[in-house]
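Enquirer: Pasting in a structure now, in structure tokens, and then I'll have a few things to ask.
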Amino acid sequence: MVQSTVDRVHVGGSKPPSAPIKTRAAPRRRRVRPEKSHRSPSSAMAISKVWISLLLALAVVLSAPAARAEEAAAAEEAAAPEAVLTLHADNFDDAIAQHPFILVEFYAPWCGHCKSLAPEYEKAAQLLSKHDPAIVLAKVDANDEKNKPLAGKYEVQGFPTLKIFRNGGKSIQEYKGPREAEGIVEYLKKQVGPASKEIKAPEDATYLEDGKIHIVGVFTEFSGPEFTNFLEVAEKLRSDYDFGHTVHANHLPRGDAAVERPVVRLFKPFDELVVDSKDFDVSALEKFIDASSTPKVVIFDKNPDNHPYLLKFFQSNAPKAMLFLNFSTGPFESFKSAYYGAVEEFSGKDVKFLIGDIESSQGAFQYFGLKVDQAPLILIQDGDSKKFLKEHVEAGQIVAWLKDYFDGKLTPFRKSEPIPEANNEPVKVVVADNVHDVVFKSGKNVLIEFYAPWCGHCKKLAPILDEAAATLQSEEDVVIAKMDATENDVPGEFDVQGYPTLYFVTPSGKKVSYEGGRTADEIVDYIRKNKETAGQAAAATEKAAEPAATEPLKDEL
């Protein structure tokens, strides 16, 4: 799994990774504690002694004025009021309403990356306070109990999370800029300006060839529904892309003065380099930009330039086809040629394609439950989370296998641990291959926990569930079960967005998310209060099977 430069920790429980690649926006798949230096105390002390012994004499002679200056500067800085606004549940809404543009950081005091960001964030706030108009930076301690509802409201899933609020909170966008002061300043200056910049001369368009994705609207005039829709999309997507507009197509790289206007032209550093669209419907424009801004084939390797495309690939809800093999072996070129040919053949299908190097994509193997000895392999993850696998695939089989997928001829592949041979503990272990039998077909009331081994909240809950299960062991119509959601595919009947997630399922099939207390007594009381008896389950099942009542037919004269 690609290691993140900025890892983020989930709040309100631990959240499972949504994609098998770690980027700036992805959580670490382990319990995270407040970060500490990896240097041992004795090592740190030895280094200090060496420097002290070597520099003490020189420091006494030369550094006194500098030290006094530094002390004065530090004292002045400490005395200066904090430029970053401190927000909390009581003043958050007022602050958002008062400022037409405000950047808010949701942080936790123990988060190492938040601590690293803090001085840069404060420096940026001081610089931007002098901007005309002033650009406001604020922060919220999302670890504070009273502020956790705010974190939930704004979908804060990790630390630090930065969001841009515009127009009193009517528009909210993820901050996707740099994390050092100068970069923050430049990014926000662009964000506070127009969403789209007019290109008046060829020199205004030189940035379009900087190797990034840019979108330019070419119009006959800056009015009308097409221009209005273009600006609406630019405002909505300005955190992701740079937008421009012009009436002079010949000012653009590879521009043509005779181009039929209006048109939206997308510049990109891959595939066909330039692609146009004349559909100015807002939804159509968004889909065009989304589809065109990802390579036809995303490459999963160690090249950091590919990481933004990988993140976008795995975050997409579209079906995904992934070919994994060894990039350094001889057959790679023949596989690559066959795969790219298949991509062209199925270009009209709603599916995204990836080719991954085995060495670089071990995180994906773990996430999807794959093994290296199955490679070369091709895997499809459907939009409804079904997976289809062809292991030991040959280059000449790729097109036919993909055709079978599109024709609905393939059998889904399911990631599952082996069904336990012995399952004698109070809390029963279930896996993907037997979860339906235990939960939906056993005729029992089942409380099931979906957990991750690295999740601290799950570890705390484990002995509590054991105690509750032991208390209920004599009640044969009750089962408490658990599934490792990192090693097993979670059935589609359950929505698991964080760890631990618990559901209570009755014999009649009634399924509710468990939101009760987390003590053994509270869990036992909940189950006893909400469980169905055999008679109740039969009645509920019979009622569910009854046809819907219809009004009697009436004769009309």
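Placed from the backbone N, Cα and C atoms, the Cβ positions cover glycine too.
Summarising the annotation, TrEMBL assigns region 'Disordered' to 1-41, 535-557. For 58-193, 413-532, the entry in TrEMBL reads domain 'Thioredoxin'. If you look up TrEMBL, you'll see C111-C114, C455-C458 marked as disulfide bond. Marked as compositional bias 'Low complexity' by TrEMBL: 535-551.
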Enquirer: Quick check for the class: what is the C-alpha distance, in angstrom and rounded, between C111 (disulfide bond) and C458 (disulfide bond)?
Expert: 20
Enquirer: Tell me, roughly as an integer, the mean pLDDT over the domain 'Thioredoxin' (58-193).
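Expert: Value for the domain 'Thioredoxin' (58-193), mean pLDDT as a whole number: 84.
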Enquirer: Around the Cβ of C114 (disulfide bond), how many other Cβ atoms lie within 10 Å? Please give the count over every shown protein chain.
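Expert: A count of 24.
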Enquirer: Could you tell me how many residues in the domain 'Thioredoxin' (58-193) are helical, how many are strand and how many are coil under DSSP?
Expert: 69 helix, 26 strand, 41 coil
Enquirer: Can you give me the Cα-Cα distance between C114 (disulfide bond) and C458 (disulfide bond) in Å, rounded to a whole number?
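Expert: About 25 Å separates the two Cα atoms.
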